[in-house]
């Protein structure tokens, strides 16, 4: 850069600092680039697929999927993991459907969980913004975008046509929220539902879409698609679901990774089941017929018995998890990838 341009830049930077404060503009090399903090999800497979060891703090995350696919279960397990590490959690229950007994079974400390059941979408997002700006919340879940009903819709008549009202509400709220989320280093998770598109579609185009417009798609750093793909049986009794989770978008590591895990009724994501599956894949756990062995010791005949053995011997499970992390965890846990999406497109 020639001297005239350097002087002009120096004058501009000094004027910006006077008007907006020191640090308003800085060179990237002037600050240490820190690894993004992450909150574990409760699923070792998903933490590894996300590439940073969990869901990123200071970012917006969207989790969507069909009904009863495990969306709320996944977020409650993330809350439990955050609380175990001394964090503070908030749950904005726009659906008015949170079951505290089930949350407790998943490890959530319901006595310390901040809960809001707002009447309107505006109230829910205003409460979320105030909690984020307080700087004291580590993780916040909004369940769900589809239930964030605009005030005009609630006060209107049944059958009133109010096109685009919820999409405008979400776009405005996210413009306001994202800066505060980054400054307060809060993880904000939006749970979303699926709807079917109406009209003519191009061949190969998915008929499914999420509610609340396009704003959330652009502002989210991570988007997870979670779906039930099968049942887990113990004899004739169904004890859980086999669930596929796909990382549809990831600004912090390579996207499009997917995992298949087990969600057991009343227990959530089966940590022991994941350890067995990953152990077999990594050849750390030997499978001979129906028997599973680890470190030369038989741990059970059939997956259900092996799962029970690991649950009864937590030190054994912890050793297997440590071996798996050593084998699977990437050496570079955080890499911010460029995203060419412009926020103007979200409007």
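Each residue, glycine too, has its Cβ placed from N, Cα and C.
Per Swiss-Prot, these features apply:
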type     : residues                       : note
BINDING  : 65, 66, 67, 68, 69, 70, 71, 72 : ATP binding site
COMPBIAS : 327-336                        : compositional bias 'Basic and acidic residues'
COMPBIAS : 337-347                        : compositional bias 'Acidic residues'
REGION   : 327-347                        : region 'Disordered'
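Structure with Swiss-Prot features highlighted.
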residue	record	Cβ contacts under 8 Å, 6 or more apart
65	ATP binding site	71, 194, 225, 226, 227
66	ATP binding site	194, 227, 228
67	ATP binding site	193
68	ATP binding site	228
69	ATP binding site	226, 227, 228, 243
70	ATP binding site	226, 228, 241, 243, 263, 269
72	ATP binding site	98, 143, 191
C-beta crowding around residue 71 (ATP binding site), within 10 angstroms: 22
Helix, strand or coil at residue 65 (ATP binding site) [DSSP, three-state]: strand
Extra residues within 8 Å (Cβ to Cβ centroid of 65, 66, 67, 68, 69, 70, 71, 72), ATP: 226, 227, 228
